[in-house]
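Following: one structure in structure tokens, then a few remarks.
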Amino acid sequence: MLHTIFSMSEKNRFAYPFYIVAGTLGCLLALSCVQNSFSLKNFTSRQVDLLADLRPKNTPGLLPGEDSAATVAGTTTQPTSPADSTQAVDTTATAAAPRYNFETYTGIQDYGKTSTTPGDISPGMAHFLQALHDLKAGKRRKVRIAYFGDSMIEGDLITEDLRDSLQNFFGGEGVGFVPVTSIVASFRTTITHTFSKDWTDYHYKNLPAGNLPLGISGHTFLPSAGSWVKYSPVHKPHLDKFEEVNLIYGPGDGHSTLTANEHTYPLSGNQTVNSLAIQPDTTGGLLMKFDNAGSQPLYGVSFESPEGVFVDNFSFRGISGIELGRLSRDMLMHLQEERPYDLIVLQYGANILWKPELTDYSWYQRPMTKVLDSLRADFPQTSFLVISTADKSYRKEDKYVTAPGVTALLRVQHTMAEAHEAAFWNLYANMGGNGSMTQWVESEHPLANKDYTHFNRQGAAKVGALLFKALLNKYHEDEKP
Amino acid sequence: MMDVLQQLAYQLTYHREDPILLNSAFFFYYFVVFLFCYLAVSGSKQGRVWVFSLFSLYFFYKACGWYVGLVILSAVVDFILSNRIYREPRLSRKKLLLGISVVANLGMLFFFKYTNFFIGIVNDLHLGHLTPLQIFLPIGISFYTFENLSYTIDVYRGEIAPVKEFMDYVFFLSFFPKLMMGPIVRAADFIPQIAKPYKLTAEDVGKGMYLILTGLFKKMVISDFINQNFVQYIFDDPSKHVGLECLLGVYGYALIIYCDFSGYSDIALGIARWTGFKIPPNFDSPYQSTNITEFWRRWHISLSSWLRDYLYIPLGGNRKGKVRQYINLALTMLIGGFWHGASWNFIFWGGLHGAALALDKLRITFLKKRQYVFKGFSAGFWKVVGILITFHFVCFCWIFFKASTFADAWTLIHQIIYDFQPNVMGTLYEGYKPVFWVMGMAFVLHFLPRSSENWLAKRFEKMPVPASVVVMVVFLWFIIQVKSTQPMMPIYLQF
């Protein structure tokens, strides 16, 4: 055949494509057999390897010496003895719960301690679980949860499912706290929320001047002359009517008023946090107008029923949790008087993992530890639950793999929870551990978005259900003598 | 050694999650072996037909497993029917035979592509409760059923004589370069080329290489890069992005769909050219169009001309009065939209284009009546305005084409209108700098005059083989580098 190729007429170049392609393949194969990666200034070229598909595959994604976390959601590992822990054990207190391997355990690990000093309450789950038991036994009317997070819980994701399950089990109606304006108002499906465009919104990234405090959601709103906000219930269980509606507002001059459903209410409170009960109209909606409110600072509106469990969603896009340090002690303590919280949930991670291969999170640990210290001081009687980062993948070579930063950050978050005697819930292990985000994104019925970071509605519902299950297990565990 | 053999066996068999693509490494090996065998039998027509067909059927198998049987089955059915239609003297019998062909092809297409869509409608309207079928869409079925149809219809119309050799028809239908993403090739254009001797001029070699390299560049450098690093984040969850990001995402998607589709078409055309077949171009710088009618003459030309010849004209075209013409246009585009996929989004997308084409017809008729002719500055001005309006209308329609649900599409539009936030441009630019540069470059390249394309093709034409090899090696090295860059993670802007 070669004879025919070389003896072909000058004009017919029908063999050229073969020469070009075969020559190119030959060169690339030759290149593949040698180390051809090179570095030039900041650029390191990728090894060209045409034989990669034929080489035995290595499991990607893990750093040397790093174990993979649980691979199947829902599996629990045996508790390890306290002596296995590298943490120093406080001799003045006894451990309240068995210890599990936090990297794989899918239940809630409670680091709360039964203190020997009377009146001193540990930030573990004990207070919250007791509150639930009291609620169930009719000894108390309300249990409230403040759920802080970033864009992962925006639009009431995760919290809506958690709230729904909790209210099914423990009772309660209502969506909880809703800020005056919200960038995701139109995508929130648990309340219909519209507002005028003329509100001034101060928040973590646009701090108010002087001594104007930020509200617990991280926002404080000032009305203009024509400002209004409207809330309507939605056709969903627990959310289809407004029962107890309270406007939560800041310190004003005492002369402002608002009109809600044609009734005028004075805003006479002068505390850092004030609460005003408002009557919803017969159609169930609530339209509030602030024509005579000057620059009265407002935080939001809460929707509750006389009894039950309430979950407030405090999402703030793009934050790492450190921003919570901007909430003033004065505001939090007054809020705790008006609407006490029994559990504070902190779910952060996505915005800390902005560099997937970064594994040193001491820069985060230092300021976040301070934030936890001060939150603990501001809520001395409240339970704390730290939720770990979710799995987050990034593309390495041709495949999406778990970012090495995920387990590194998770350990830091766990260390902080343990050091503060708070509870810890490993969201990463609950998702399925290493590589789970890739599965959630690429499954036939996707549970997460293509950014390999955020859950979609289905994924958020699954996380909400897993968290509810973990809480309920803890609740039942607590029932046993 | 066993490992390597196992890996090799894995590579050579079909895997649903890993189908063959013209831009995959596997295809590269496949192509070299194919060219070698093709060259070995190049002197004989029979040899070429058999080698090409067998390689194509294997390619099909690698792309969609044993669904390759559907291609062979439909080749048998249409080969027999076309010959019977041709020999049949009675018109009524001819019609019946054509009807069988139409029903068989459309029935197959409908079963695989649309069954679950209609089951969904039945369930949504509470007319019954049916369980969706576990159907996996056979790759390329939308293309080869349309090729079968145009072939039997052409034979029925007496425009072409049917193919005499069964293998020739298998060859035409399975021709691997166009198998997965078109273009839709007409038998009348293709079959006469089979018998011609395998001859390539310097121009064929240069043009083929030009088409393959630019196709790969469009697909892998422009389209994949913009999509993976920016656009997919936007369409995945528009509510998480401000209006400006959404708008840039739509512009980005306009490039992605064009570069992906036309890039793949170009690779197909280039490979065909190298193997001695000329297939008409499928795209002609469509975003240069000054109106929507022109856009459809330059976008997915093989589909729009197919719809014109086998749907619009049989419906009556412009021969049954103005009103009927508008209805025919709208109907053709609605069905064209549905062809793209079984969802209301595609139907709506087709409907929008149909309505726009009808309106544009009105405009053209109006201008003709008034004998408006623009000259000089105003001609240039209106041309630019026309390009901008057409591009933005097409982009608007892409939102529905791309978004996974109507709700997502409206959310994205909502963000652009009510939450635009132009002040985030600086942050956005910092976060996605390479993406915006690639997008800018792609738009500039798109508006380059044809002469620059010809210039590059001419350079390839004049190159000796070793120089071509060097160009290919450098180019592929570059593609590998781009493909493996660490993706940019999305930035979520609040303010």
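Quick reminder: no glycine exception, Cβ is built from N, Cα and C everywhere.
Taking TrEMBL as the reference, the stretch among B:127-146, B:187-206, B:267-286, B:407-426 described by the feature transmembrane segment is residues B:127-146. Of the listed segments B:164-181, B:434-451, TrEMBL assigns transmembrane segment to B:434-451. Sequence-distant contacts of the transmembrane segment (B:50-76) (same chain, six or more residues past either end, CB-CB distance under 8 Å): 14, 16, 19-20, 26, 30, 34, 37-38, 40-41, 104-105, 108, 136, 138-141, 144-145, 148, 166-167, 169-171, 173-176, 179-180, 275. Here the transmembrane segment (B:127-146) has Cβ contacts under 8 Å with residues 16, 19, 60, 63-64, 67, 70-71, 74, 105-106, 108-109, 111-113, 115-116, 119-120, 173-174, 178-182, 184, 303, 306, 339 of the same chain, all six or more residues outside its ends.
Cβ atoms under 8 Å from those of the transmembrane segment (B:20-41) belong to residues 11, 47-48, 50-52, 55, 59, 62-63, 177, 180, 216, 219-220, 264, 267-268, 271, 274-275 of the same chain, restricted to positions at least 6 beyond its ends.
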